[in-house]
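K.L.:
Below is one structure. I have some questions about it.
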Amino acid sequence: MAMLAVLQGWDWQFDGWIMVVGVLCATSTALLGNFLVLRRMSMLGDAVSHAVLPGLVAAFLISHSRSSLAMFVGAVIVGVLTAMFTEWIRRFGRVEESAAMGVVFTSLFALGLVMIVQADHVDLDADCVLYGAIDLTPMFTVNIGAYEVPQAAVVLSVVTLINAAFVLVCYKELKISSFDPSLAHSQGVRPAWMHYALMVLVAVTTVACFESVGNILVVAMLVVPPSAAFLLTHRLGLMIVLSVVIGAAGAILGHVGAFAIPRAFGMPSTSTAGMMSVALGGLFVLALLFAPQQGLVSRSIRRFVLSQQILRDDIVAYLYRAGERHGEAIAKRSDLITELFSSAVPMSLALRRLVRQDCIRDCGQQIELTKQGEKLGKALVRSHRLWESYLVEQAELDRSKIHDKAEQWEHFTGQALRDRLVDQTSSTGLDPHGTVIPAEPKSDDDGPPDAS
Amino acid sequence: MIWSDLWDVLLLRDYNTRVVLLGVALLGAASGLVGSFTLLRKRSLMGDALAHASLPGLVIAFMIAVAAGGDGKSMPLLLAGATMGGLAGVACILFLQRFTKLKQDATLGIVLSVFFGLGVVLLGITQKMDAGHSAGLETYIFGKTASMRRADGIMIAITALISILVTGVLFKELKLLCFDADFAGSRGLRVWLLDTILMVLVVMVTMVGLQAVGLVLMVAMLVIPAAAARFWTESIFRLALVSASIGLVGSVLGATASAVMADLPSGAMIVLACALLFAVSMFFGTQRGVLPRLWRRRQLNAKIARQHLLRGIYELSEAEFQDANPGHWVSLIDLLQKRSWNSKQLRRQIETAELVELVRYKTDQVALTSAGYAEAARLTRQHRLWELYLVHYADVATARVDRDADDIEHVLEHDVVEKLERLLDHDPIRIAVPSSPHAMEST
């Protein structure tokens, strides 16, 4: 119910169009943004959207009007010039790409500022360029058939279609020239043409979008969804699809958020464009944390699971060695913690799991190895000592250096590998330190016990 | 009059102009200095990202001040807020670069746009709040140009001093960081600490500069002087000096222009002046400028062509007369067939070589002078020594060595030739030319 109260004053006719425009912006930019991110040119949108200022002013001075078409053409021309100047300075001046970009767009922007002052009655709204006017887009409509459609929605639909067509038709060429320009060249694709085609489309899209969402949100939409998608997948096709979905979701969430969140605190709604980039940022953070392969949280969970597995192995091996030395495989919990460089919480987690696996008996402070656990410990210690023998005999390592490696590899050594190690080492039955290598545990259940 | 105005400006007669000129000059120098390191670290657009990232910090500082009952426009507080925002942005960028596979440009774009978006959202809220005297808050970030006050000037001077001191003290470490961060790490330097120090310098300069010239123009001050200076030198020390000087000169030029002509915004003029200096540097810069580089390539090509001519004549006369003494005339037609040159190119080469008296020329025949002979013998000797080396030591087939030696003969230094002599047991004193190891095609 609170949710509904917050959404009071929501008008599907009006707010629906805002979301449509936002989604169209997000789609058209995300399509191209993937390739910018892959080509390490993410800042191009930023550069183009700043640099178009002189184009806008010149169009105004020449046409003496604020007609959208003249402005659009002027801005696109300067946008393309920005990309070309950057490329020239990079190639002929051998300046690093981002520096070249910085030189070009700031100079053009400064030129635009000077031109504005010279033409003293230029009526350009700096706020509109910076923050966009997406909240106003439903007010400027054109009639298509019987429907009244916001102009921005029409323009952006066309741009989205063009971009989608470009990406579909030139998918292979774009892919190959983004990842390996030399290979592209050798296959008869012209990487330079792809580059310029992409630049022109980025300029057109940026100009078309920044009127509605402002130049900073253009950067957000170009860069953030593809970057999030980049963290989620390794496949280009999927990355493009994901980036479009993320971009659209960010646009919708952004508008709803701008509408609802401040109201929840009793304040009037805030900038939609700003909230859209915040929403995109939020989605990016989610991807950053929870991406299945590369997410920070997923990565640390995997690392924790692995460390638990290793700790369990270490406990069992420690108990087995204690049994070898003193006849009974028993150790104190506190000794285990200090000897295995662990701490209380991970240790009790590992012990609980081992009890469930029936490898140990937990008698309060004393930990005791079971039959099942002894078999596991035997296999681990056997792997360890076999590796030590192998390292001394075959890799000719010094005896002081073999322990650490054997300690690492014992966890990943199954019976098949142990048998091969036996073949490769002299079968004295003793490891390089002179201790007995335990015999292979008789397996009533198959497979290496540590692969559980 | 413009001229008297110019005079006034240049002599720093007016107090305001004095403050502005000194201020922008120091700012230009400081950002040029810091920018030269960020350029080499390939982080030119870092200033852009963190300048945008400072907006939410600024607005939050304002909100806190208003909530605490102040009017929120206290400069040190806003500056502190903006700096915190910028630092948070830098931290996010460095974090993303370290823990994800995203590249620098993407991390900059993400932080820039998301932070700025957040700032805009907060700004939208404050503007609609009751206590909102927040109007003009954002002009802080986009600069108000040419109204620098004494306090701003002092702030800039302090920042400039700090950046000079820090870069001076840490010069060696920063140099290592810029050229080979991995190596720096292996030498026990804390790369992340140095990076952070560098970024803090960038934040400082940017925050102070935002006030004076505005956001985009501050980005320009960090990028353009350094990029321009790169054309003039290959030494990092000189790069820092030249970059600071270009920043200084550009700022003074721009500020002067805007002071003299009433309706030119000073920030934009400073950037345009720097852009002009950049264009000049790009074409005429002595080390990497486009024109000097073209010139050097032409010189090299001319030298190579002349050496080809001399060796061509030498080998022809050697083939015809068994020894290649000066004064043997060889025919142009034979010479023309030795290489892939057309008769026009060949004639031009002969003419220029005749000017410096290396060859003599009469109708369709050409001969070496004794100077030309000495040079040609030296070249042929180098060529053949290299061929012999390839045959004996690199096991290259005899039929293929001519082409390889052709490339290398022009750049063989004296000490390399000496090494070859030692390796091949050739007597260095006489101009003894070993006979060619492969059959001469022209015979």
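From the backbone N, Cα and C atoms, a Cβ is placed for every residue, glycine too.
TrEMBL does not curate its annotations; it predicts them automatically.
As listed in TrEMBL for this protein:
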TRANSMEM  B:20-40  transmembrane segment
TRANSMEM  B:49-69  transmembrane segment
TRANSMEM  B:75-96  transmembrane segment
TRANSMEM  B:108-126  transmembrane segment
TRANSMEM  B:153-171  transmembrane segment
TRANSMEM  B:191-209  transmembrane segment
TRANSMEM  B:215-232  transmembrane segment
TRANSMEM  B:239-262  transmembrane segment
TRANSMEM  B:268-291  transmembrane segment
DOMAIN    B:369-426  domain 'Iron dependent repressor metal binding and dimerisation'
K.L.:
Hey, which of B:75-96, B:108-126, B:153-171, B:191-209, B:239-262 has the most Cβ-Cβ pairs under 8 Å against the transmembrane segment (B:215-232)?
P.N.:
B:239-262
K.L.:
Could you count the residues of the domain 'Iron dependent repressor metal binding and dimerisation' (B:369-426) that DSSP puts in helix, in strand and in coil?
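P.N.:
So the domain 'Iron dependent repressor metal binding and dimerisation' (B:369-426) is made up of 48 helix, 0 strand, 10 coil.
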K.L.:
Using a Cβ cut-off of under 8 Å, list the residues of the same chain at least 6 residues beyond the transmembrane segment (B:49-69) that approach it.
P.N.:
77-78, 80-90, 92-93, 108-109, 111-113, 115-116, 118-120, 122-123, 126, 129, 131, 134, 137-138, 140-141, 199, 202-203, 206-207, 210, 215, 218-219
K.L.:
Which residues of the chain, 6 or more past the ends of the transmembrane segment (B:153-171), have a CB below 8 A from one of its CBs?
P.N.:
19, 22-23, 26-27, 29-30, 33-34, 37, 194, 197, 201, 204-205, 208-209, 211-212, 237, 240
K.L.:
Counting only residues 6 or more past its boundaries, what in the same chain has a CB within less than 8 Å of a CB in the transmembrane segment (B:268-291)?
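P.N.:
Here the qualifying positions are 24, 28, 145, 213, 217, 220-221, 224-225, 227-234, 246-247, 249-251, 253-255, 257-258.
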K.L.:
Can you work out the mean pLDDT of the predicted model over the domain 'Iron dependent repressor metal binding and dimerisation' (B:369-426)?
P.N.:
81
K.L.:
Other than its close neighbours in sequence, what residues sit by the transmembrane segment (B:108-126), given a CB gap under 8 Å and a spacing of at least six beyond its ends?
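P.N.:
Here the qualifying positions are 45-46, 48-50, 52-53, 55-56, 58-60, 62-63, 66, 85, 88-89, 92-93, 96, 102, 132, 134, 137-138.
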K.L.:
Cβ under 8 Å, sequence separation of at least 6 from the ends of the transmembrane segment (B:75-96): give me the contacting residues as numbers and ranges.
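P.N.:
Residues 46, 49-62, 64-65, 102, 107-108, 110-112, 115, 119, 140-141, 151, 192, 195-196, 199-200, 202-204, 206-207, 210 contact the transmembrane segment (B:75-96) from elsewhere in the chain.
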